[in-house]
Structures are given as structure tokens and as C-alpha cells.
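**Q** Structure below; questions to follow.
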Amino acid sequence: MTSTNSRKSAISKSWPAPAKLNLFLHVTGQRADGYHELQTLFQFIDHCDYLDFHITDTPDLILHSTMSDSVADSDNLILKAAKSLKRYTQYEGGAHIWLEKLLPMGGGLGGGSSDAATTLVALNALWKTNISPNKLAEIGLTLGADVPVFINGLSAFAEGVGEKLITVQPPESWYLVIVPDVHVSTQAVFQHPDLPRNTPKLDMSSLMTQQWSNDCQKLVTTKHPQVANALSWLVEYAPSRMTGTGACVFGEFTHSQQALDALAKLPADMQGFVAKGMNKSPLQIRLEQL
């Protein structure tokens with residue numbers, strides 16, 4: 001159930017649902033079941049949605065948001081995650097969940113998957129159901145291919161459909177992220193005939209040392225001039241590329257002030273923010289504070 005009620009008192013301290021960046025994204029093939037084989041590098045940033053939870057003795061799961069229309073997809077994943085954990089653990093109580101939605105939908109930042117992961121991690125802790133991280137990741141994978149990396153909570157090289165994870169430590173750079181005013185459908189990108197699907201598969205050490213790119217970028221910038229314009233502007237200030245299937249693009253900076261200086265010059269018709277790369281996610285840090 002979804003409600004537009006405002007946030008209540010007597011709830012848990014907020015749990016972050018961080019954004020991720022795909023520092024590179026290669027499409028190496030397509031399986032018989034239609035899913036695409038990927039090689040990608042996930043890193044978290046300190047820009048997040050926030051969720052609050054109030055545990056109840058009654059079995060209802062109720063989601064509250066003041067932005068219910070614009071976050072319908074995320075709402076659905078949050079409730080699906082809560083129901084999946086409740087079903088697996090046979091937990092008899094429920095929860096009221098409050099969502100503060102800050103991450104854009106259809107931006108390639110993983111907002112919906114991150115919301116689902118935070119719901120699983122937080123409710124597992126608050127319900128004291130004691131499900132292992134590996135089992136939580138299995139439950140998360142049924143909700144979306146990106147959910148396990150958010151549950152894992154560490155920057156990772158990923159293969160398969162994105163679920164095979166190897167922990168890595170890329171530089172924790174500063175990023176200027178631009179949010180074009182367009183929603184890009186992940187499904188539409190992966191179904192498009194012009195998407196490259198034959199990038200050679202490389203070992204992790206080779207991938208970590210080469211110039212990084214995103215196989216979805218050419219298609220998306222061709223279809224969405226807002227994304228192309230954002231990249232054209234940003235690349236003047238820093239090495240830049242698209243995250244995920246877009247629409248967000250990011251430029252990489254060594255120091256925060258460099259990113260802030262570029263942000264100050266952002267054209268009036270563009271929106272963006274500065275964020276810090278994090279190899280341990282804000283969610284993982286929050287969990288360790290319990």
C-alpha cells in the first residue's frame with residue numbers, strides 16, 4: 001500500500017539509498033533468454049535517497065511519500081522488497097516506510113534498485129530476521145540485476161547480467177553529475193537493434209587499466225539530444241561519460257573545488273550536483289553503526 005502521508009515521529013534514523021556510477025559499461029553479448037552479458041565497474045557516491053522505517057506488530061506494509069506520482073516505480077520496488085523479505089522469513093509484523101526521493105528516475109544512478117536494497121538491509125536489521133548478506137543478495141536479484149551490488153555495499157567489478165561481483169578499490173574521485181531533463185528507458189536501450197553487443201570480454205586487470213567507456217552512450221546520445229548536450233558541455237571540464245543507460249552523465253575531478261568550480265558555470269537550462277566517490281557505500285556505513 002502506498003500513502004502520501006508526511007513523515008511521522010518514532011521512526012528509525014534515516015537509512016541512505018545511495019546512487020551508483022558505472023565507471024565503465026561494456027555489453028559483451030546477449031544470452032538465449034534475452035538478458036545481456038555485461039562487464040562493468042560500480043562505485044557509490046554520497047548522493048542518496050533516504051528511507052525511514054517504523055516497525056509495527058500488524059502485518060501491513062505501507063509506503064509513505066510526498067512524491068508518489070513521480071516515484072511510482074521506486075515505490076513498487078520498495079514494497080516488493082519488503083514483501084519478499086517478509087515472505088522468505090515468515091515475519092509476522094510489518095512496517096511503515098517513509099521515502100525521501102532525491103535521485104532521478106531513469107537517470108542511470110540506480111535509484112530504484114538502491115531503494116530496494118536499503119529496504120532489504122534495513123528491515124532485516126530492524127526485524128532482527130538475521131538473513132545473511134548472500135541470501136539478501138539472492139532475494140535482491142529477483143527484484144533487479146543491480147540490487148545485489150547495493151546490498152554488498154562495496155565498489156565492485158561486475159560480470160554476467162551484473163550479479164557476479166568482485167570487490168575493487170578504484171580512486172574515490174569527485175564527480176560533477178549532470179541530470180538531463182529526460183527519462184531514458186533501460187528496457188528500450190537494451191532492446192534497440194543499434195546497441196553494440198559484441199565488445200570483447202577482457203580480464204579485470206586489463207579493464208582496470210584501459211580508458212573507460214560506456215557502450216550505451218552513443219545510442220542514447222543519438223536518441224536524446226539533452227544527454228548529448230550535457231556531455232558536450234561537461235567534457236570541456238573533465239573526462240566525462242554516461243552512467244548506466246543514462247540519462248545522467250558525470251565528469252571526474254581530483255579535487256572537490258574543481259568540480260564545484262565547474263558546477264558554478266553550469267548553464268541555466270541544466271541541473272547537476274557534486275558528489276564524492278565512495279568504495280564503501282553510505283548504506284554499509286549506516287549498517288555498521290547499529
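Each position is counted from 1, following the chain as shown.
Glycine is treated like the rest: Cβ placed from N, Cα and C.
As listed in Swiss-Prot for this protein:
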ACT_SITE  Lys20  active site
ACT_SITE  Asp146  active site
BINDING   Pro104, Met105, Gly106, Gly107, Gly108, Leu109, Gly110, Gly111, Gly112, Ser113, Ser114  ATP binding site
**Q** Measuring CA to CA, name the entry from the recorded positions Pro104, Gly110, Gly112, Asp146 that ends up nearest Lys20 (active site).
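**A** Comparing Cα positions, the candidate nearest Lys20 (active site) turns out to be Gly110.
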**Q** Around the ATP site recorded as Pro104, Met105, Gly106, Gly107, Gly108, Leu109, Gly110, Gly111, Gly112, Ser113, Ser114, what other same-chain residues have a C-beta within 8 angstroms of the site's C-beta center?
**A** Ala19, Leu103, Gly244
**Q** Determine the minimum-neighbour residue: among Pro104, Gly108, Gly110, Gly112, listed as binding-site residues, which Cβ has the fewest other Cβ atoms within 10 angstroms?
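**A** Comparing Cβ neighbours within 10 Å for the binding-site residues Pro104, Gly108, Gly110, Gly112, Pro104 has the fewest.
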**Q** Distance check, please: Cα of Gly110 (ATP binding site) against Cα of Asp146 (active site), rounded to an integer number of angstrom.
**A** 7
**Q** According to DSSP, collapsed to three classes, what secondary structure does Gly112 (ATP binding site) have?
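**A** DSSP call for Gly112 (ATP binding site): helix.
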**Q** Tell me the Cα distance separating Asp146 (active site) from Gly112 (ATP binding site), rounded to the nearest angstrom.
**A** 9
**Q** When the number of other CB atoms within 10 A of each residue's CB is tallied over all shown chains, which of the recorded positions Lys20, Gly106 has the maximum?
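**A** Compared across Lys20, Gly106, the most Cβ atoms within 10 Å surround Lys20.
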**Q** So how many other Cβ atoms are close to Ser114 (ATP binding site), meaning within 10 Å of its Cβ?
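**A** Step by step: centre on the Cβ of Ser114 (ATP binding site), count other Cβ atoms within 10 Å, giving 31.
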